[in-house]
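Taking it in order: structure first as structure tokens, then the write-up.
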Amino acid sequence: MAVASASLLSTMPPPSLPFKDPRVVDRKLSAREIDEGVMRVRRGIGMAELRTLDPFLLLDEVKGKAPAGFPDHPHRGFQTVTYVLKGSVVHEDFQGRQGTIRDGDVQWMTAGRGIVHSEMIGSAEEETHAFQLWVNLAAKDKLMAPSYQEIQAKDIPVGEARGVKVVVIAGTAFGVTSPVFTQVPMMFLDFNLEPGWEMHQPVPAGWSSFIYIISGFAIFGANRVKSGPHCTLVLGPGDGITVRNEGREDCRFLLVGGSPLREPIAQSGPFVMNTKDELRTAFLDYQYGRNGFQKASQWRSRHRQGGS
């Protein structure tokens, strides 16, 4: 089995890749700027060109200052993963849970049968830079009890080798494994690759996977696709990915992969179910405050009430 590794580039032709079936870049897409909540986001998955990448439903890159954010809204049937690179996001839900996600922190929220919450940028002075990933739940888990995993930056493991550093939000890379439990087998990795180096990361065969580039440029995949900031690269099948940085600056990117559920998806806004009937039920449950949404009609976040 191949393991994660890094090596210094040379002027010689690239050596054989350390995978039996190295992944290529199948599609290269530019993230779209759209209005969401009370701010603009860059959407890497969940747009017309790439509605979903089973089991992933959405990836948004968020940059802004207060009062921007996402005021009170419901969810059912999936998980949201909020990863703050810089700044802060203030979170509050209708069960009375409150908290602030800060630099390097991760909140892994399972909406399950129902959550109503708000997510607002924490500072009007400092710009916040964050990502939110939506992960679908299997049909058997869609109505599970809501729950949270909140992991501070100090508790998220970091793997390192010469020329490369990786924050292991979920899964395993460079000899370290995240403490996060995932309902769907997956990886969520934040890489920084220095100029003049290449890295090799195993991705289990059969998994869907993609890369989102945060900053810098690099050469991705066995077909050597050059790409830069705000691009989503959908990877083809295989057992691993190679990235080469032939530029003059660091390249930072997310590598996300997961085992596809291969189930029907019925999605409308904040609800993701398997059938149109289940979707209709979700809207009615929210409207009438039942089956997990009992507190929805009475609850208003502090932001909605005009508080701080």
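Every residue gets a Cβ built from N, Cα and C, even glycine.
In TrEMBL, annotation is done automatically, which means it is predicted and not curated.
The compositional bias 'Low complexity' annotation in TrEMBL covers 1-11.
Look at TrEMBL and you will find 1-20 tagged as region 'Disordered'.
If you look up TrEMBL, you'll see 39-135 marked as domain 'Pirin N-terminal'. Helix, strand and coil counts from DSSP across the domain 'Pirin N-terminal' (39-135) read 0 helix, 67 strand, 30 coil.
Taking Cβ-Cβ distances under 8 Å and a sequence separation of 6 or more, the neighbours of GLU119 (Fe cation binding site) in its chain are GLY37, GLY69, PHE70, THR82, VAL89, VAL90, HIS91. The Fe cation binding site annotation in TrEMBL covers HIS73, HIS75, HIS117, GLU119.
Per-residue pLDDT, averaged across the domain 'Pirin C-terminal' (189-292), gives 98. Marked as domain 'Pirin C-terminal' by TrEMBL: 189-292.
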Fill in: Additional residues surrounding Fe cation, by Cβ distance to the HIS73, HIS75, HIS117, GLU119 centre under 8 Å
PHE70, ASP72, PRO74, THR80, ASP93, ILE115, VAL116, SER118, PRO270
Discussion item. Going by a 10 angstroms cut-off between Cβ atoms, which of the binding-site residues HIS73, HIS75, HIS117 has the sparsest surroundings?
Written reply: HIS73
